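Visitor: The structure's right below; bear with me while I get my questions together.
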Amino acid sequence: SQVSFEEESQKQPTVGHWKPLMPSEGNKEELERGCQDAAGVAETQSSEQLNVSRLRSSSVEIREKGSEFLKDELHKAQKELKLKDKECERLSKVREQLEQELEELTASLFEEAHKMVREANTKQAVAEKQLREARGKIDMLQAEVTALKTLVITSTPSSPNRELHPQLQSPSKTGFRKGHGRNKSTSSAMVSAASQNVAPEPVSRECKEVDSILFAEFQAWKESPTLDKSCSFLDRIYREDIGPCLDFTKQELSELVRVAVEQNTLTIEPVASQSLPVMKVAAEECGGPKKCALSGLPRTCKHRIMLGDSGNYYYISPSCRARITAVCNFFTYIRYIQQGLVRQDVELMYWEVMRLRREMSLAKLGFYPSEM
């Protein structure tokens, strides 16, 4: 009907354009029909407008509900974000706390490790010190045993050592031995004077004066004792005493003797008069009971030396034995000082070193006790 109405509306003039003529009867019907049609159109238009308004109101309602839904969702999202922010903040605090605890634990572990290392170093230093002291004591005991062995084996029934057997000495000679040593001629003169009941003159007291240069060198060496001959103290003694004292005619053998003395591997023993040892080298090198191996001179050799564990023996004269013994006594004393076994004042140790140097000086000049 709407389609027919549209067709008729296209054929007929539009409403509102009626001609101002009085209608006839035929036209009345048409007018009524047109009014009805116009009312139908108006009704249709009003229903369409109503539908449009309903659509508009429904769209507004839908829009409002959608905005409310979106607002609710936004509030929920904001709440969730706030909760997540709080959770992140809590987790960051937990992380910071864990990092702090980790740093403290690491610091404590490092401190404990350093403490353990320090304790280990301290224990190692103590153990090394005890080891050095034990080795020093062993060296001291070995030196004492060697010295006692040397003293004991030098006393034989055929030639007893009068130092070990004081009862073999005469009373006058024993009295004079309490003082300073005398050479052979002086001792003989004293013995002859005592036999004639003539009172000897009192022995004059020896005067001493410390040399400032030598004492300063000894003090510097005493601060850090060593057997290295590059230091000024030992360098001077090597040049002035040890070198000349161990400088024999046989240069090659002299060097071997010096090395053995420095390493404390030299052995001196008396020669048994009833048996001769089997020589492993030529007799010219080792000498013999009537020839010194160091000086090459014909001398009565009462002792022989062995260098280390070589098994080779070398006969030496009393003068050469005195020179070697003087150097050995010096090295023994400075080893005792190095090992901390000498508990004396620095000046007393200095004078003992000077006494040992004097013995080396006398020995290198050819002076030696008659017991040699």
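Even glycines carry a Cβ here, placed using N, Cα and C.
Per TrEMBL, the features are:
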- 67-151: coiled coil (COILED)
- 26-35: compositional bias 'Basic and acidic residues' (COMPBIAS)
- 43-57: compositional bias 'Polar residues' (COMPBIAS)
- 156-173: compositional bias 'Polar residues' (COMPBIAS)
- 184-197: compositional bias 'Polar residues' (COMPBIAS)
- 30-149: domain 'GDP/GTP exchange factor Sec2 N-terminal' (DOMAIN)
- 1-57: region 'Disordered' (REGION)
- 156-197: region 'Disordered' (REGION)
Visitor: Averaged over the whole of the domain 'GDP/GTP exchange factor Sec2 N-terminal' (30-149), what is the pLDDT?
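Guide: Across the domain 'GDP/GTP exchange factor Sec2 N-terminal' (30-149), the average pLDDT comes out at 84.
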Visitor: For the compositional bias 'Polar residues' (43-57), what does DSSP give as the number of helix, strand and coil residues?
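Guide: Helix/strand/coil tally for the compositional bias 'Polar residues' (43-57): 15 helix, 0 strand, 0 coil.
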Visitor: With DSSP as the yardstick, break the domain 'GDP/GTP exchange factor Sec2 N-terminal' (30-149) down into helix, strand and coil residue counts.
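Guide: So the domain 'GDP/GTP exchange factor Sec2 N-terminal' (30-149) is made up of 120 helix, 0 strand, 0 coil.
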